[in-house]
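Read through the structure below, which is laid out as structure tokens, and then see the notes.
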Amino acid sequence: MCAFPPGRCRTQFFSVSEFYPPTYVGYQWLSSFELFKESQAVTMECSSLCYLQLLKQCLKVTTCFLLLLFLCNCGTTMSESPYLVGLGSYDITGPAADVNMMGYANAEQTASGVHFRLRARTFIVAEPQGSRVVFVNLEACMASQIVTIKVLERLKSRYGDLYNEQNVAISGIHTHAGPGGYLQYVVYIVTSLGFVRQSFDVIVDGIEKSIVQAHENLRPGSVFVNKGEILDAGVNRSPSAYLNNPLEERNLYKYNVDKEMTLLKFVDDEWGPIGSFNWFATHGTSMSRTNSLISGDNKGAAARFMEDWAKQTGFGGKAKSMYTDFYSKSVAKLQGIPRRVSNIIPGVRENYHDLIELAASFESSGGRPATRFLSVRRRVRSSLSQSQRPGFVSAFCQSNCGDVSPNVLGAFCIDSGLPCDFNHSTCNGKNELCYGRGPGYPDEFESTRIVGDRQFRKAVDLFKNAVEQLKGKVDYRHTYIDFSKLEVTMSSGENVKTCPAAMGFAFAAGTSDGPGAFDFKQGDDKGNPFWRLVRNVLKTPGQEQVECQKPKPILLDTGEMKVPYDWAPSVLPIQILWIGQMVILSVPGEFTTMAGRRLRDAVKTVLTQGGNGKFDKNIHVVIAGLTNTYSQYVTTFEEYQIQRYEGASTLYGPHTLNGYIQEFKKLATALLNGQRVEPGPSPPDLLSKQIELLPPVIVDATPIGVKFGDVKSDVPQNSTFKRGDTVTVVFWSACPRNDLLTEGTFSLVEILDKSTQTWVPAYDDDDFCLRFKWSRPWKLSARSVAAIEWRIPEAAISGVYRIRHFGASKNLLQSISHFTGASGAFVVV
């Protein structure tokens, strides 16, 4: 037995279910050489006998040290890890100016700043000598067929056939606060003035880089699964449609939305836990249709909270609200974010007058030239990256969220404060007045934080208690289906067909998360004579289409509209990813709660009753919504009859869900029996046909005598702020479309290191408390400003701070120049 002297040798061993590294260093040793030197010092006051005893003890220590070191280093080769596991993450934040947001189809909702940045997060699980699967969680409204096509082309050029359409899934979280213009079908890019190349490019680049990271991080590891309920993060926004499902079916479930979160925990053999992905159904509509700041909404917030929690706490302790408690009042807990700050903050409160005097010596810096990489280097989280240890990656993925709203307080009329009409979501017959209320009402940012925090805390609980290890085969099946004319055999034996895509009148009514305009309303199965005339200018649906889509009254016959190119998809991908007991169903749309339940149950029945023993009852089937492409909603046949928004947006008619169930059962059977699947018809590549109408940035300008990055409105001189206050600084800026500052930051809060008189990054674009707001005085103005708002967290450290801005300007010759500027210093007490 090794008996190390107290305090001389400190080891930390990791279990597969918990990981508590205080500073992300797996083993911390005092070297045998140091022990030997220490023993020499002691011998100066000892007899020769004491010297020999100490030397003997030192040799025992050294021997034990070498033995333990050997065992630790051999850990990966001695383990029986079933898989290779790799995770990756990359910035996909699109243009923060001028581009229409994707989700609400509100032409007036254009980006003008950043709430927090968007990312693509990837996991790869592979059998050491066998198959592998890739899952990408995309902080965007949905996946895009053209994005998927181009990502796969890039992967093929890098890796050959290793990664392809069969084993790669790209799934959107459904935030309604990300730049649009990256889809290829006309109906999805009308409000963005057509295709936006910059939005498209940054997403494709980010997905590729996140997959490359995950591939390069592949190492022996394990995957664990856990499940649990979140009761207060989603409500059914179309309960009247849900109630049209059979009573006996509804009685099988306790709630009218799915409350269960399913989480995968990834553990590296050497480094311990390296990340988690989870699936939970709730819409990304905590941020409203009037918000103009890029945001990952509640799921993006949850991902930020969990990744920062992992770095800060090493997965130890109880999960707390990340907005109020993220920056601990204890300096000892500051070792997470920002790590560099923890080494310069004293343990006792500074003398207030000394801080004021110190802050007064730092005036605003004025605008000055910078490099593009300066904003990357100054990012808080880039300062946390470890040279060897993989960064912790946490993704909050979307599921069957079709009728699930995060606005859990319910829908109310903004004029009277009364609940909206139950069947039509109207107020005195008008849908424009009916809005859902989030838990932070009337503050949408607070609602986003709360719903994100609820998902984060459940994910932490599941993560820390995940003990069921995934074991078994890794496999996949994928095919394309033409849903415009799919023949479906019902359980009764009746043969029916799906229809070319079409959108009903209730589509234009929107939902209580984001109501539409004019006199449309949900639950309309008749239509309106005036809007029929308007519709007929674009395309009059044929009688066959009208009959096929009944009882949906057709507003837009998108499946039969081909000018200037396809308005809606016809060919859709469906896919199953299999990892041990975990089965992921990749669907290209938003399934409602009951539609998702029926699909999951159908696939589970096929897999567990196949008779070959590959699956038992302990199988976890999740739906990954909005994956690989986008085709709007999927309701049950019964919900479709009610023609609320979801039914009106079920493109391929009343039998759409039955078509999905039929085809997924075929995939599941092929997976079970090891059979290959016909690839089906390929979807079109419409990139060369895209029309771009968004005007480019012509030139940026400032008033005479003013430089880009100069402060327009500074903090007051000798100003002091308290926790909970908001600090606002306005800079002369330029259009953010000139450079997206990918993996960088537009805004930065810095704290002064008194010992070196240097500024250290503290908060940036990825922090919930910091907002970057960009604006022009009028639409065509070449001048613009950036307002940076910092809501000082309750646990912020006392000290001297300043706010800094990064940007890029364009001159008349179209060349780009980067700049930076900083505010005057101020004190936080």
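Using the three backbone atoms N, Cα and C, a Cβ is placed for every residue, glycine included.
Nobody curates TrEMBL annotations by hand; they come from automatic prediction.
Predicted, not measured: the structure shown is a model, and the values here were computed from it.
Straight from TrEMBL, the features:
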- 83-662: domain 'Neutral/alkaline non-lysosomal ceramidase N-terminal' (DOMAIN)
- His174, His283, Glu590, Tyr633: Zn(2+) binding site (BINDING)
- Ser405: active site, nucleophile (ACT_SITE)
- 664-828: domain 'Neutral/alkaline non-lysosomal ceramidase C-terminal' (DOMAIN)
Cα distance (Å, whole number) from the residue listed as 'active site, nucleophile' to His283 (Zn(2+) binding site): 5
Other CB atoms within 10 A, centred on His174 (Zn(2+) binding site): 29
Remaining residues near the recorded Zn(2+) site, that is with C-beta within 8 Å of the centroid of the site residues His174, His283, Glu590, Tyr633: Gln398, Cys401, Gly402, Val404, Gly589, Gly625, Leu626
Integer Å distance between the CA atoms belonging to the residue listed as 'active site, nucleophile' and Glu590 (Zn(2+) binding site): 12
C-alpha spacing of the residue listed as 'active site, nucleophile' relative to His174 (Zn(2+) binding site), in angstrom: 12
C-alpha spacing of Tyr633 (Zn(2+) binding site) relative to Ser405 (active site, nucleophile), in angstrom: 14
